[in-house]
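The next block holds one structure in the form of structure tokens; read it before the comments.
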Amino acid sequence: ADHLSCVLLLTSAEDLDCTPGFQQKVFHINQPAQFIEDQAILNLTFSDCKGNNKLHYEVSSPYFKVNDDGSLVALKNITAVGKTLFVHARTPHAEDMAELVIVGGKDIQGSLQVTQPFGINRRSIVVSPILIPENQRQPFPRDVGKVVDSDRPEGSKFRLTGKGVDQEPKGIFRINENTGSVSVTQTLDREMIATYQLFVETTDVNGKTLEGPVPLEVIVIDQNDNRPIFREGPYVGHVMEGSPTGTTVMRMTAFDADDPATDNALLRYNIRQQTPDKPSPNMFYIDPEKGDIVTVVSPALLDRETLENPKYELIIEAQDMAGLDVGLTGTATATIMIDDKNDHSPKFTKKEFQATVEEGAVGVIVNLTVEDKDDPATGAWRAAYTIINGNPGQSFEIHTNPQTNEGMLSVVKPLDYEISAFHTLLIKVENEDPLVPDVSYGPSSTATVHITVLDVNEGPVFYPDPMTVTRQENISVGSVLLTVNATDPDSLQHQTIRYSVYKDPAGWLNINPINGTVDTMAVLDRESPFVHNSVYTALFLAIDSGNPPATGTGTLLITLEDVNDNAPFIYPTVAEVCDDAKNLSVVILGASDKDLHPNTDPFKFEIHKQAVPDKVWKVSKINNTHALVSLLQNLNKANYHLPIMVTDSGKPPMTNITDLRVQVCSCKNSKVDCNAAGALHLSMTSLLLVSLFTLACK
């Protein structure tokens, strides 16, 4: 069989009162004739420096065990177990490996040697980890372990590699290439790097690997160097007033960067201070392990309305080392709000309220005040008012003032003193949120409001308003249109009324100040710019004899029927034509009339025969509003005046005669030369196009 090397790690811990691990890591015994069942072979001493709670041993051979007192015994009578046994000890706080070298040990026939720790092939050399406490002080470097190769060839050297040696972070560990002593060069911080995975090998003088690489794990032993911290603040919890004892309010959780598998990060919670400390200095309790804050007082003490302050601030302390005095602490503030529930009904500050309002006025007339002990920021305090009696005409409304919670009673429909001088309303108040089951609304949640209406001098009222009449335009001056009627609402005051004209844009009307008769003092003209859509609007005043007098305004709408009092007129009144034009059409004429149908079109177009011979000009009807003027022959260059007579369809009809000025021009080489100075130089074609466009828009 090939010769197998034996690698051994010796761990030292200098300058420490207690170093976790085996006190002795390597043992040598002679191979006995037989290992006797249950007979102690040797005693092992292991300590995790924290009491060895949950200590567990493992032996590389299934034929051996370690008793609780540290004695290594065989489970049966056995002769051959190999040349080496490994014992692994572990607690939640530390672990270590011890080696038992059996001098003259016999190989096990027909199977792998049991000397391989935990079933791993001997060629892959397994070594026990090096345990180094964090935060060690100077001096550095300091030895922390040693690699031993009992059969190492002469001249061979040890080589150490891995993160922490030749990989970042470099230079933390090194090995004495001749002795195999492993040392650390600086202080370690477990919270930065908890373990280092290194590799050990042996090389010849040329650097060629002879044995290995063998994994070497360096474990940084945690020290309690981190305080618990509360990272998730601010911490605010809410609990409803009257909640049962033991109601969970919130959970406080702290974080400790130390090793969670050790007591260094085992936290316990405690309430250090409560502000305020009334009505009990111990209103709350915190579960020391979970951090749950719960109520511990009776529901009666948890009454928001009787508390000095509905907000409590608790100083919560988290302490590691399971709360022992040696543990480090961290604190945070928990704010707990005692939330309101609707356990108080609103109550009016008095049973009866008084209000006065002038007749005809609208707006708020009185503010109803209530008291409610609940939280003003909630629907348990906000009031909702209802008029439950005395408002058949819906003249009143009540709304809540969101700032003061008062009920703002308003008049929304003007009141009439002459109809009723007094009103009595019954009003109830409730909360937006429902009351808790054991609380109800009582008599104090209703109130009576007495309202006195004050008499004011009201202006006379026209009836009807607006007033309407229909008359023909052009009726004779002095014609009576109507007699207006205004009455005084102040029937108990027996006042007289005088009338006057307020607005009469055209100045057509007059009113009798005593009896209100309206007549004309000018001709009514439907075509006036003051008339819109055949309706003329005037305003009149009715003034009573009060002190001071009150005024009412009435509107008169006069619908004017059309009379044929406007003659039609033609357009355009100027035209041009070339003296050599092949098309003898001169112009298309249109006619318009300010009157309404049937006093307008169809229009009749004619040439006034008394002034112009028939053999030169011709007028032809196109439609009801347009006609074509044309020549019967070419004319010499000159200005001609053609009298056009147009007649509307009214009964009786009205006629208008307008001169159409026709300029006969010389048109040669695209130049137009007209006889009359300053005449319009429009081609016949352009004039016809304009006229046709006008036709199309009719």
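Start at 1 and count along the chain as shown; that gives each residue its number.
A Cβ is built for glycine as well, from the same backbone N, Cα and C atoms used for every other residue.
Annotated domain 'Cadherin' per TrEMBL: 132-230 (among others), in sequence order.
Taken from TrEMBL, the feature domain 'Cadherin' covers 231-348 (among others).
Taken residue by residue, the domain 'Cadherin' (349-462) breaks down under DSSP into 3 helix, 53 strand, 58 coil. Annotation source TrEMBL lists domain 'Cadherin' at 349-462 (among others).
The domain 'Cadherin' annotation in TrEMBL covers 463-570 (among others).
The average pLDDT the prediction assigns to the domain 'Cadherin' (569-680) is 86. Annotation comment: TrEMBL describes 569-680 (among others) as domain 'Cadherin'.
In the domain 'Cadherin' (132-230), helix, strand and coil residues by DSSP number 0 helix, 48 strand, 51 coil. In the domain 'Cadherin' (463-570), helix, strand and coil residues by DSSP number 0 helix, 50 strand, 58 coil. Each residue of the domain 'Cadherin' (231-348) gets a DSSP state, and the totals for helix, strand and coil are 6 helix, 48 strand, 64 coil.
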